[in-house]
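Accompanying notes for the structure given below.
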Amino acid sequence: MVTVVSHPLVQHKLSLMRDTQTGVKEFRELASEVSLLLAYEAMRDLEIGPVRLSTPLETAEFPMLSGKKLALVAILRAGLIMTDAIVTLVPAAKVGHIGLYRDPQTLKPVAYYNKLPADIAERRVFLTDPMLATGGSASAAIQFLKDAGAQSIKLMSILAAPEGVAVIEKEHPDVEIVVAAIDRELNDHGYIVPGLGDAGDRIYGTK
Ligand code: URA
């Protein structure tokens, strides 16, 4: 299942991210803001339950988060900007990292780094990768999380290609995808078109 967050603020900020005139500082800020807005939607179904507490005026029951604890997992490196932003909303969440590279022979993603919370199986996992392009890395990361015991996973991306969405829907139909937009296509170099370019380069000012 895919949720496209069509809120005007998200769409406006995403358009600014696409613009080649947008520099590193602003791009980073926009990526963080869009991530927060995506998280707002992705976390809409978090469980809440009544907790008894006292305001200065009376004691009563009020809703607080009550379900499984959360884990945010970034696919390196561009996913970091998203987890860094989202952890400000859910400061008790644990944060994991998965680094993948594409094997030049097999063209398959291989994990070169991973560090996940030990209790990942007991947590709701929000996996972040700003660009869901071919879907290869995201699918491998999801499989990696499942192999580590994760049972509840949502994938959060700022921008997706239809090809990437199709891969995740086929290989991981249990994983909900939350995105700001699904663009037209992937080009021959694996870039999302019209897209916003290389998200990692634009976040970190590299080329
Ligand atoms: N990764 C990016 O950063 N941009 C794309 O367009 C595709 C993959």
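Backbone N, Cα and C define each Cβ position, glycine as well.
No curator has checked TrEMBL annotations; they are predicted automatically.
When averaged over the domain 'Phosphoribosyltransferase' (4-206), pLDDT in the model lands at 96. Among the features that TrEMBL reports, domain 'Phosphoribosyltransferase' is placed at 4-206.
Look at TrEMBL and you will find Arg77, Arg102, Asp129, Pro130, Met131, Leu132, Ala133, Thr134, Gly135, Gly136, Ser137, Asp198 tagged as 5-phospho-alpha-D-ribose 1-diphosphate binding site. Less than 8 angstroms from the CB of Arg77 (5-phospho-alpha-D-ribose 1-diphosphate binding site) sit Gly99, Gly200, Tyr204, each of them six or more residues away in the same chain.
What TrEMBL records for Ile192, Gly197, Asp198, Ala199 is uracil binding site. When Cβ atoms from all protein chains are considered, those within 10 Å of Asp198 (uracil binding site) total 14, not counting its own.
DSSP assigns Met131 (5-phospho-alpha-D-ribose 1-diphosphate binding site) to a strand segment in the three-state reduction. For the recorded site, Arg77 (5-phospho-alpha-D-ribose 1-diphosphate binding site), the DSSP three-state label reads coil. Residue environment of Ser137 (5-phospho-alpha-D-ribose 1-diphosphate binding site) contains 22 other Cβ atoms, counted within 10 Å of its Cβ in all protein chains. Only Ala133, Ile192 of the binding-site residues listed as Arg77, Asp129, Ala133, Gly135, Ser137, Ile192 bring a Cβ under 6 Å of any atom of ligand 1; the order follows the sequence.
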